[in-house]
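Only one structure is covered here, and it is reproduced in the block below.
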Amino acid sequence: MTAEEMKAAENGAQSAPLPLEGVDISPKQDEGVLKVIKREGTGTETPMIGDRVFVHYTGWLLDGTKFDSSLDRKDKFSFDLGKGEVIKAWDIAVATMKVGEVCHITCKPEYAYGAAGSPPKIPPNATLVFEVELFEFKGEDLTEEEDGGIIRRIRTRGEGYARPNDGAMVEVALEGYHKDRLFDQRELCFEVGEGESLDLPCGLEEAIQRMEKGEHSIVYLKPSYAFGSVGKERFQIPPHAELRYEVRLKSFEKAKESWEMSSAEKLEQSNIVKERGTAYFKEGKYKQALLQYKKIVSWLEYESSFSGEEMQKVHALRLASHLNLAMCHLKLQAFSAAIESCNKALELDSNNEKGLFRRGEAHLAVNDFDLARADFQKVLQLYPSNKAAKTQLAVCQQRTRRQLAREKKLYANMFERLAEEEHKVKAEVAAGDHPTDAEMKGERNNVAENQSRVETEA
């Protein structure tokens, strides 16, 4: 029965008592949710916890009174399965449906609106009957940009509400697939933020941080959240490959949050993390290094309880972290972020040689030649022996000349085309105001013929 057929059928069942029938699909087998399939769906897949599902539905009381229908609104209803956004019976029943399936669901009050009901249409302790058609379902998008780069589908819900934070120690069992080929199967224990050293994609780590203990999920990764444009030779993954992971979070131990750490702990951990970040940077693992330096900033940025001697160490760590963040951003070609990190460093030390130089490099990379030149000139003013700044200043001036030459040529061509068009217009106007010799000769002949004709007629 299609959505249209459902609407036609409901008109003939406005007040007819509805029978209690169907297969008991309630978890407790207490006949709280009964299901009858009216039309089989297609395929074998059913929605998983967290999936976004799209349905049409009509709801009746047991006496046949219709109390709601998405068909009347001519708009499908959507919700996230298993998140408590709808009545319990729906979370249970829709999880058993296939795309295209139409079913009747009979819901006891404890799986519907309970003793309170939903005034004014649904009375207290009401048993309800729904007809539901499932149109589609899709996994949960975990990306901040909502670009579909990390999609999660939960096979088995975890326990509790706690999730791993940055720096947490996690124990996972995983399987990685490229198309249908199993390329990775491991049980690992590692610190969140260091997955790259174990050849784990950044998108998988992000997904793990959204999981609960015991959760078993499927994670789908677009190339930019997997192994990107370079692929992964170890696993024979080609460039621009989409991946699928089956991952189970067996256990985890959360890292201390900033507010849980004493000042001494923050200072101690910052020194450890700084060394780790430097090691990652030397290995060319810039994203991992970036995460380490960000930790230092988050721990020390607004901490004011240090002693005078400690404050000097904190100042040095903050300055080094912003400078190192800028360098990581430059390596990753995130030039706006590099400029921002340099600005933060220069707020701490306005004449810092590395801060000025790296900001100049970032400005140069995005063709802001005036700003780049100003930074390199200030470096040379403060540190005349800086050969790299002299070289970059020369590069900056050379590129400025090239740009001016290109602009000059562009404008010259533009003016030349405008002049040609203007000349063409003038020529056309002139041709229109002054007939050609041939046209004038033709006109004189016509006048002579007309005059001869007039004389003959006279």
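Glycine residues also receive a Cβ, built from the backbone N, Cα and C atoms like all the rest.
Taken verbatim from Swiss-Prot:
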MOD_RES   Met1  N-acetylmethionine
MOD_RES   Thr2  N-acetylthreonine
MOD_RES   Thr143  phosphothreonine
DOMAIN    167-253  domain 'PPIase FKBP-type 2'
MOD_RES   Tyr220  phosphotyrosine
REPEAT    270-303  repeat 'TPR 1'
MOD_RES   Lys282  N6-acetyllysine
REPEAT    319-352  repeat 'TPR 2'
REPEAT    353-386  repeat 'TPR 3'
MOD_RES   Arg373  omega-N-methylarginine
MOD_RES   Thr436  phosphothreonine
CROSSLNK  Lys441  SUMO1 cross-link
MOD_RES   Ser452  phosphoserine
Could you check which of the modified residues (Tyr220, Lys282, Arg373) sits closest to Thr143 (phosphothreonine), going Cα to Cα?
Tyr220
Per-region confidence, the repeat 'TPR 1' (270-303) (mean pLDDT, whole number):
91
Rounded inter-Cα distance in Å - Lys282 (N6-acetyllysine), Tyr220 (phosphotyrosine):
31
So of Lys282, Arg373, which of the modified residues has the fewest other Cβ atoms within 10 Å around its own Cβ?
Lys282
Which chain-mates of Tyr220 (phosphotyrosine) that are at least 6 residues away have a CB under 8 A from its CB, listed by sequence?
Gly139, Ile150, Ile151, Arg152, Arg153, Glu242, Leu243, Arg244
Inside 10 Å of the Cβ of Thr143 (phosphothreonine), count up the other Cβ atoms and send me the figure.
15
Tertiary contacts of the repeat 'TPR 1' (270-303) (same chain, 6+ residues out, Cβ under 8 Å):
166-167, 193-194, 196-197, 202, 258, 261, 263, 314, 317-318, 320-322, 324-325, 327-329, 331-332
List the helix, strand and coil residue totals of the repeat 'TPR 3' (353-386) as derived from DSSP.
27 helix, 0 strand, 7 coil
Per DSSP, three-state class assigned to Thr143 (phosphothreonine):
coil
Run through the repeat 'TPR 1' (270-303) and tell me, per DSSP, how many residues are helix, strand and coil.
28 helix, 0 strand, 6 coil
For the domain 'PPIase FKBP-type 2' (167-253), the number of residues DSSP places in helix, strand and coil:
17 helix, 41 strand, 29 coil
